Every structure is written in C-alpha cells, then in structure tokens.
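Encoded as structure tokens, the structure appears first; notes follow it.
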Amino acid sequence: MPTGRITIITGPMFSEKSGELIRRCQKLIQYGHRKVVAYKPAEDNRYAEDEIVSRIGYRLPAISIPRKLTDELVQHILQETKDADVVAFDEVQFFSRHIMSLIQELAYCGKHVIADGLNLDYRGKEFGYVGGLLAMADDIEKLTSFCAVCGSSEAVFTQRMVNGKPSTVGPIVMIGDSEAYEPRCRKCFIPPHKVNCD
C-alpha cells in the first residue's frame, strides 16, 4: 500500500489557495498519472456547483458535499475514493469536525490528501478545524496575499467589510467575495473588537 500524506494549503482570502490546490492536482493528473477525486462544500456555489474554481480561472471537477459530514457520508466518501490516489478538499474550514478524522483515515488508507482553507476567520482567530489539520499535516503551504490597504505582499488576515468599513460583529461563516472581504497585513488588519477604538 502506498504511504499516505496530508498537505494543507492555507492563508487569507485572495491568496489563491484554491488555485494552488487545482495546480497541484492537475500536475498529479497530467504528469504523475494519478487518479484525483475532489470535493467542495455544497454551500459554496459562488462559481460552479460541480467544479472548484480559482479567482484567476483555474478549474477542477469536484463533487459538492454538505458542510455537515455525517458518519454515513464519511463512509460513502471512503468507498467513493477507494481507487483514487489523491483526494482533494476545497474550503476545508467550512466542514464539520468529521473532516479531521476523514482526512486522517484517507491518509492511513494510502491516499495523498490535499486540502485548502482559511486558517483564520474575520476576527483573526482559528477557523473551524483547520488548526487541527495543520497539526496533523505532513506538508503545509502558507500563502499570503497583497494588503488591500497598504499593498504589502504580506497579507495574512481576511478583513470582513460592511459598507466599505471593517465589520464589528457577525456570524463566523458568511460566504462572500470581494464585496465582503479584503486581505490585510498585520499592520492594517483591524480585529472586530478594535474597530471603534480611536
């Protein structure tokens, strides 16, 4: 049985996490002749329901699955990926806690698992179970973006915006794009509890 592996691609919004996941999967398909099965959260239908799509236009066929992973769905995915060499998950921060055991089980079954997701939410705090996935990863690729305020190439935060201003409070999960979020460096990021500080 081949040795399994877990690769996590993380960073803020607009850092091309999905693009990097797609690029790696396409390379494995094209040059490594690997069979890849990809999944994405069904709730994230900003671009397509049956594809992972990056902002710069890369595309990869994918199966949409609910964010809440039940035991039955986990078993279905394990069966569905039995013949796959690589299993990819886009926007992994949106999935329930079962994502951790599923990814670990796939790696124990000899699969190379590649997952991308935000490591921090709009408050600058750990997002979902990505911290746990980073802890069990064999490889971590931490991407940055360009700060929407100062232009620095070291943006590691995602600032939620409401009416053009940093948001104070709101739900952790709010699927949106450039109208609702922008990348920020540490210097320009304003945590929600500091928004009204002068």
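Glycine residues also receive a Cβ, built from the backbone N, Cα and C atoms like all the rest.
TrEMBL does not curate its annotations; it predicts them automatically.
Pulled from TrEMBL, these are the features on record:
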- Glu91: active site, proton acceptor (ACT_SITE)
- Val173, Met174, Ile175, Gly176, Tyr181: substrate binding site (BINDING)
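Within its own chain, Glu91 (active site, proton acceptor) has Ser18, Lys40, Pro41, Asp44, Asp116, Gly117, Leu118 as residues 6 or more apart in sequence whose C-beta sits under 8 angstroms from its own.
Remark: Tyr181 (substrate binding site) has Met13, Phe14, Tyr122, Thr158, Gln159, Arg160, Met161 as non-local neighbours, by Cβ distance under 8 Å and separation of at least 6 in sequence.
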